[in-house]
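Some features that Swiss-Prot has for this protein:
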BINDING   ALA88, MET89, SER90, HIS91  ATP binding site
BINDING   ARG265, LYS583, GLY614, ASP615, THR647  substrate binding site
BINDING   ASN267, ASP299  K(+) binding site
BINDING   GLU585, ASP615  Mg(2+) binding site
SITE      LYS583  site 'Transition state stabilizer'
Amino acid sequence: MVGLDSSHLLRDKILCFSSRSHINNQHKKTSYALSLNHMKLPIQRTLAFALARGKGEAESFSRLEATFGDNTSTECTWSFDFPDSKDAMSHLKSEADLSGSNGANNVASVIEKLNALRSHLLAAEKWNASQLHLCDSKYLECATNLVHYMALRSLDIEQLNSHLASLGLSSLDNNNLDVLAHLNASINLLMNDQNAVTESWTNVYPKGKSTKKNDKGRVLSYKESLLGKLREGRSTHIMVTIGEEATLSETFITDILKAGTSVIRINCAHGDPSIWGEIIKRVRRTSQMLEMPCRVHMDLAGPKLRTGTLKPGPCVMKISPKKDAYGNVVSPALVWLCLTGTEPPAHVSPDATISVQGQDFLAGLQIGDSIRLCDARGRKRRLKISKEFHVFNSTGFVAECFDTAYIESGTELSVKGKKGRRLVGRVVDVPPKESFVRLKVGDLLVITREGSLDEPSVTVPGAHRLTCPSGYLFDSVKPGETIGFDDGKIWGVIKGTSPSEVIVSITHARPKGTKLGSEKSINIPQSDIHFKGLTSKDIKDLDYVASHADMVGISFIRDVHDITVLRQELKKRKLDDLGIVLKIETKSGFKNLSLILLEAMKCSNPLGIMIARGDLAVECGWERLANMQEEIIAICKAARVPVIMATQVLESLVKSGVPTRAEITDAANAKRASCVMLNKGKNIVEAVSMLDTILHTKLIYKKSDSENLH
């Protein structure tokens, strides 16, 4: 009886393999069973058994599938006709066989089990030989090791690991980089003869002697081919998401590169080619000037469900001085006055920035001047110039404001200049206020198709309204299913549907309500939705990415079919060198990860995996995220594929300027990944600098714990 390991709640395809021997041209068969009566599986699982055909017949990969429903205790046993006692599986006895032995007998029993396990791995490799032949030569060893690892994971080896530990050997799970070499080393150590065993047990695909140094060298080469060379003193790259704000500052790109950024990420779900091109031009120029290599990664939007665009709010900003509990001003608001695009010095942190039209107006200002204006409410206000700074070829001023003011585009600024001459300037480029709806528990939200937001809802008068540009939502959801917004910040239950509307009752939000704005994520984890791998927009954007970026991110990968479509598009464009980052952010993408990797290894492009923890947590449940992250890292390490850890890394620091303790620990744990991604925010430069410091820090104890997992 061979029990499957139940410690991994979410497991990819489980492969169990067997060989077939011939005695007098007759197949001597033995029946084996797999019992899962002790398992509770949270999602559907598939068991696949690979069987070889008879003598002289071509090898095949036969699949016998059985699935389990959600959270059910399944008493289920399968019987299959397997070969005789030479079958590798038959050597794996029950746990009691080892627990009842000791001394030399115990060692002999462990060796017997390890030999049987090795036969199991080699059989897995042999039966997948036809598929492995299709892998690109640079990934052949990686794919073979991944097959070994998945074959190992198909068995319950917990008891065997326990006995290896009692004999002073490491667990079989501890070295994913070369599973077979680690297994051979364990056998050799137990037999006390390094050359006694491995001579007759070789891979279907021979390779040189595996050592820890060689393994790490190969992994580093895969990392560098995708992400570029590492900064000195670091073993992990830093990726930063930037948008249009990077084009409004002359120093932003320089600052984040100096802080430690080695990869820039652009999200094709936002902006357009004109904005992307300006960002990339600045990154390339600054990287060359600073002699700091920086690669450009562009994420295709993918078939993600998002809220539609809301009408922009008014172009007005609020400037407020700090007040005490009695409403008395304790310190003025600091305002940066400048020409459009002129950033303040790094040590200056203004409360607001006012762009002024008119070089003559700024040129005539002096420290001590008092600027007069009439704000959007008709209130008279003054800004007192306190400091002057020369920034590149421009000049900016810091002004103090002692009263609350609402400034809008077109507001007139005036000041008495030299010889009593009155100088006049106008406020320009005040960004529009972000529009949103504030949702509370019990509220009703009507989601409509794009273009119908202005049409009043007849069915639910007075309800909040948003649009969704994707027809998938309206074609897939049913009443009673849950729906999440903005990475799980808001949850609701679908109350009704029609061809053009979905009615949602809000079940989770903050007590005072949670804002939901434009282009925020929508998740429907219980719905049976079938996306295409690449949308028409993705294919169009891929042409731009191919000629401008170093890497492309493929969003919402779900199965092997998505990879097949991607390979076809890459082949059409002859993009053999473009880095590919597959984003794992759905339940099906996680479930099919090993098969997705094996399919992706059929092309020669540099390959990586991004763990998109935001959507993954919403799709699969917060309580499962940690285990799923570890599972993904372990599988990618076996495949020797670089891992990018993303979503909410140092998010509080990025947004508020102060990190949480949990964020620091999370960032330190991210050392195990090949790259860590930070999202944009007003304190992003400080966040990159802190992350760079954390990644440079080396533990002086337990060195193995800080080694990279890939």
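Keep in mind that glycine also has a Cβ here, set from the backbone N, Cα and C atoms.
Model, not experiment: these values are computed from the prediction.
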Inter-residue Cα distance where the pair is ASP299 (K(+) binding site) and THR647 (substrate binding site), in Å: 14
Cα proximity to GLY614 (substrate binding site), best match among binding-site residues ASN267, ASP299, GLU585: GLU585
Extra residues within 8 Å (Cβ to Cβ centroid of ARG265, LYS583, GLY614, ASP615, THR647), substrate: GLU585, MET610, ILE611, ALA612, ARG613, LEU616, ALA646, MET677
Length of the line joining the Cα atoms of ASP299 (K(+) binding site) and ASP615 (substrate binding site), in Å: 15
The one of GLU585, ASP615 whose CB sees the fewest other CB atoms within 10 Å, among these binding-site residues: ASP615
From binding-site residues LYS583, GLU585, ASP615, the one whose Cα lies nearest ASN267 (K(+) binding site): LYS583
Neighbourhood of ARG265 (substrate binding site), C-beta criterion under 8 angstroms, separation at least six: MET239, VAL240, THR241, ILE242, HIS297, MET298, ASP299, GLY553, MET677
For LYS583 (substrate binding site), nearby residues of its own chain (Cβ under 8 Å, 6 or more apart in sequence): ASP299, GLY302, GLY553, ILE554, SER555, PHE556, ILE557, GLY589, ILE609, MET610, ALA612
Nearest-integer angstrom distance between the alpha carbons (Cα) of GLU585 (Mg(2+) binding site) and ASP615 (substrate binding site): 5
